[in-house]
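Data first, discussion second: the structure below is written as structure tokens.
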Amino acid sequence: MITRVKTIDPSTIQFSSDDIEDPQVHVTDPVTLSILKEAAKLLTEDQVIAIPTETVYGLASNALSPIAIKKIYSVKDRPSDNPLIVHVSSLKMLRSLLPPKENSNIGEIPLIYEQIIKNFWPGPLTILLPKSLLIPSEVTCDQSTVAMRFPSHPITRALISLCGFPLAAPSANASGRPSPTLASHVLMDLNGKISLIIDGGQCNHGVESTVFDAIGSQAPVILRPGGLTFESLRRMPGMENIRIYNKDFVDKKLEMVPTTPGMKYRHYSPNAQVILVDVCDKHKSHDIMKREIRQMGENGERAIGILATRTSYVTSNEENGKKNGKIISSDDHVFSNVKSNSRGTIKIIEYTLGDSTHPEQIAKELFKGLRYLDERNVDCIIVEGIPEKEEGLAIMNRLRKAASKIIGE
């Protein structure tokens, strides 16, 4: 199979209003429309293709077709008990997929989600809802609930609208690998396995959606941290006691039969060994990372990747009575001169994830950085941990799953 990559400019896709009940899509560029129609045709024929979303690139297929769903599992080599997320382009479509109310052919969205949806959809939030008979059991792995999301990326929204059916779309990578945030990442993993990749540029968030359950026995709970922060959800009425799975509690039975992806299996791992330095103090963290570099050198490893943050601070001075500020960045390439006691040279490749005070920058670069270093055939990747605040919670969740060794306080 030949895999073609076709580029779409997301700015050529617009929506009639901010109303998400049944928004109408307008495509201003004929090339964009042609590519979207080609993609919709493939999806209607039960094919799988790769598409950009605001989180990561997704491997999309018709969420209502068991044949198409099975192809996702096959292409990704995904475990058959790892559920998928269903993506919709309107609340009207969402209701049509829920168990119907009495004397009606459409379902009702649980009231507890009303304000959550109003504030955070479209966006990087997945919610658990009751499953109807329309959703194949292959999507939910025979669970009674289904994970649903209304993405904000214009290409994804337009494509779902054009298809007229929802899309299942897990990350478009080989199972267990770092999630793809560029079309080139998808091509590296799935070249020859799918017919089309739509290139919409780098994904804005860089980590998968937050999965939130407000109807289960442990609700309200974040089952998987992601692009929408815990702090944002907790500010919502009635969410003061929201908990985070694997941080506030653990349920081994739930883990063995997960209701959502990202709970059971090791994920996000490059080929190189990943060592996570999970230490809050930045100076101490850097000292430990340098020690590990020296140890690796003594063990005969000659190519070491470093994923670290930088610290930016503002200096001020007064000139002609006016205060002027200048942003200074530190911590860039602080590991390049580390040497081991062994003979030979250690090759150190550093990738700066972003400003340590802006976790959203780090999230956007995380998987890209892991892949960048992996492509350079490093023996191991040493990663600097960050505080679990805002997007930091999702970042550390992904790093702990990717790491084969974690060094704590």
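Using N, Cα and C of the backbone, Cβ positions are placed for all residues, glycine too.
Annotated features, as they stand in TrEMBL:
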- THR55, HIS87, ARG149, ALA169, SER209: L-threonine binding site (BINDING)
- ARG78, ASN82, THR145, SER171, SER179, ARG224, TYR268: ATP binding site (BINDING)
- 33-228: domain 'YrdC-like' (DOMAIN)
Nonlocal neighbours by CB distance (under 8 Å) for TYR268 (ATP binding site), same chain, sequence gap 6 or more:
GLY176, ARG177, PRO178, SER179, PHE367, LEU370, ARG398, LEU399, LYS401, ALA402
What subset of the binding-site residues ARG78, ASN82, SER171 lies within 10 angstroms of THR55 (L-threonine binding site), using C-alpha positions?
SER171
Long-range neighbours only, meaning 6 or more apart in sequence with Cβ under 8 Å: which ones does ARG224 (ATP binding site) have?
THR126, GLU208, SER209, THR210, VAL211, TYR245, THR260, PRO261, GLY262, MET263, ASN397
Taking the residues the record says bind ATP (ARG78, ASN82, THR145, SER171, SER179, ARG224, TYR268), how far apart in Å are the two Cα atoms that sit farthest from each other?
25
